[in-house]
Amino acid sequence: MTALKKIEKAAPLPVSTNFGIEGMTCASCVRRVEKAITAVPGVASANVNLATERATVQFDGEPDTLAVLHAIEKAGYAPRIATEELQIEGMTCASCVSRVEKALKAVPGVADAAVNLATEKATVSLISGTADLSALEAAVRGAGYELRKTKPAEASAGDEDHRAAELGSLKSAVTISVLMTLPLFLMEMGSHFISGVHELIMGTIGMRNNLYLQFALATLVLFGPGLRFFRKGVPNLLRWTPDMNSLVVLGTTAAWGYSVVATFVPRVLPSGTANVYYEAAAVIVTLVLLGRYLESRAKGRTSQAIKRLVGLQPKTAFVLRGGEFVEAQISEVVAGDVIRIRPGEKIPVDGTVIDGSSYVDEAMITGEPLPVQKTADSAVVGGTINKTGSITFKATKVGSDTLLAQIIKLVETAQGSKLPIQALVDRVTGWFVPAVILAAVLTFAAWYTFGPSPALSFALVNAVAVLIIACPCAMGLATPTSIMVGTGRAAELGILFRKGEALQRLRDADVVALDKTGTLTKGRPELTDLVAAEGFEADEVLFLVASLETLSEHPIAEAIVSAAKSKGIATAAVNGFEATPGFGVSGSVSGRQVLVGADRALATNGIDVSGFSTEAELLGASGKSPLYAAIEGRLAAIVAVSDPVKETTPQAIRSLHELGLKVAMITGDNRRTAEAIARKLGIDEVVAEVLPEGKVEAIRKLRQGGRSVAFIGDGINDAPALAEADVGIAVGTGTDIAIESADVVLMSGDLNGVAKAIALSKATILNIKQNLFWAFAYNVSLIPVAAGVLYPVTGILLSPIFAAAAMAMSSVFVLGNALRLKSVNPA
């Protein structure tokens, strides 16, 4: 059974939808949301990412987005919904309303749509970040109506607005909390730092009023700025699904509640234990809020690559309307529009130049440092910058179909994916928070039973320290933040990871297998030799061969036809043309049967090519690809073409060797030619004379011995090989990045991108391991310290205040370490 037939018989691929989620703070939240979503009927899988605050949900059939939204809400979190109000033109009756609603609801990412005939408006609820106006407009037009946007999104303007609002809210909360906590801290602990503070308080307001004031300040902190912890933590406790917020609530409430008892009814406590810990409760809230604020700022920096990509597209374009160019919103541009670009302006959408000449800076898209010349019929890409001249072009792709939109989607998909290395984290986070609560209970019991006097005070302080120091956030952020920054940095270098897991697999590669034509070489062969056999004229042979090759799409055919044109040789019509991949082409030209191909093609037809064995050996030794031509069943000529090696290829091979990788070349060329090229470039292994369908078997052979193989090809002809390899890398694809079989796409044809991708993969996985080590080592080592295991030997106990500071900084450390990937510059 062929691969195509297997695909045809396979089940349809699940539909994927992304959901923005508010309220997640730690890895336990991630696990809870995933569990809630996967319980929805029709959901195949759910992948929740704490760093991006998004869930990628795969559906088996028709997506039931409303059910997923309800599941997220039921789990205690808020799905991020944006509301668009749209003006619908052309509706006349209730049937129109039904038709428009149905069309809008069918758009991926639309949670609900309500259309009002009287006002001629539609209110559309969008899952934030998954659908844009152009998709809604296309749906409405497809139903036979016209649409125009009347006002911007109201409920949520998108991820950036959400992050900015959250950051502002946290900043205000931290400021208020600090202003109230500082005097509270000085009243209770000031005498440890400033002599005379205690006497001053006693001589002015007195001890009783001091306690009342501490109670008031601590209460304001807990139920003012700290109320966010209660709103999320308490419901999760009641659902028996505690999270990070629940730990903060338990710890601070225990300290505050004990202090309230000690303040107002101290007689119910054992003698000598009526101590207050108001400052501990307030400082814990303040430090955790500060940690959240710093974490939110760092999270914003991890997504800067996406922000930069989104910022590449201009808001308006000068479009030809009614015989003159007028400024129009980018959302109003449609395929077929004629657009004018002046020097220094950004190109708004993808298109083809119809007039003018200029140089365009495509570095932000392809990573190519030098501007590219654009003339008539040249393709231009939205988001690139016109440098010198003025050009006019016709729009070919707009909205979500543009290359820039596809790149953004690929990067977002990669950033939201999980790596195999995260499996351990997922297993641990399921029981981590309940285990911490159990540890706190055991700590309290142990100190209350066996601790020194006052045992109740010791038990309370140490139990609170255990609750506060535990940090599932660091574990939840360890992997996704590194993936976000790593894939974002890769995008800046023109490297697109279509699948996040390719980051890990690429790092494990042992062998890099390269297709020759178009990958190692420029893919533009040139005719270098044509030696006619006795009884044939060279120009006559070239005429017949070039005529036949006009119907072939192979690069070698283009070289032969181009050579004939340069000599002024006109081609003739061809009858009975046949092409056999990996062998050659045949047909009738001017009444004569012509066959052109490799030696195996002629041998199959019973034609002996040994008469040109000497020439073939010399041509092959010099790296040229020999072909043979037969006319009327007789050997007529040997033809040689040479495909120049890319200037960047030798350095790329050296870079791969420096990374400790074996380099192999897979080609359909004869062995002599292939080995000559391999020697010149320093390639370790050669798999020659491979038919297109034989590349898959070649990769399987290279994989023998347990080796992991990364295959680099053009992404189109090499699709089966790209899919077979452990990691498939499509190189030099230009504007075509929608290659399902490739795990990684290199925007430019520079093979150095392969070494950069591998180096970045290694750096990212190392960064993830550092984060995971820190997250696990932090919790494994400091939770016992907070419980007081060092006290019997050293007399050291960990204050809940220091526990809060350590917990707040642990997530910031993980994020800061991930951000180091932004400066990675692989050679």
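Glycine is no exception: its Cβ is also placed from the backbone N, Cα and C atoms.
Swiss-Prot tags one of the stretches 174-194, 741-761 as transmembrane segment, and that stretch is 174-194.
Remark: the transmembrane segment (430-450) contacts the transmembrane segment (771-793), by the rule of 3 or more CB pairs under 8 A.
Between D718 (Mg(2+) binding site) and C29 (Cu cation 1 binding site), the C-alpha separation comes to 42 Å. Taking each Cβ in turn and tallying the other Cβ atoms within 10 Å, the top scorer among the recorded positions D515, D714, D718 is D718. Counting C-beta pairs under 8 angstroms (sequence separation of 6 or more), the transmembrane segment (271-291) reaches the transmembrane segment (797-819) with 3 or more such pairs.
All protein chains shown were included, and the count of other CB atoms within 10 Å of the CB of C29 (Cu cation 1 binding site) stands at 29.
Outside the transmembrane segment (458-478) by six or more residues, the chain places 25-30, 50-51, 243-244, 247-248, 250-252, 254-255, 258, 277, 280, 284, 288, 295, 425, 428-429, 432-433, 436-437, 439-441, 443-448, 451-452, 768, 771-772, 774-776, 778-779, 782-783, 785-788, 797-800, 803-804, 806-807, 810-811, 813-815, 818 with a CB less than 8 A from a CB of the stretch.
The secondary structure of C29 (Cu cation 1 binding site), as reduced to three states from DSSP, is helical.
Remark: secondary structure over the domain 'HMA 1' (15-80) totals 22 helix, 24 strand, 20 coil, with classes taken from DSSP. Across the fold, the C-alpha of C26 (Cu cation 1 binding site) and the C-alpha of D515 (active site, 4-aspartylphosphate intermediate) stand 45 Å from each other.
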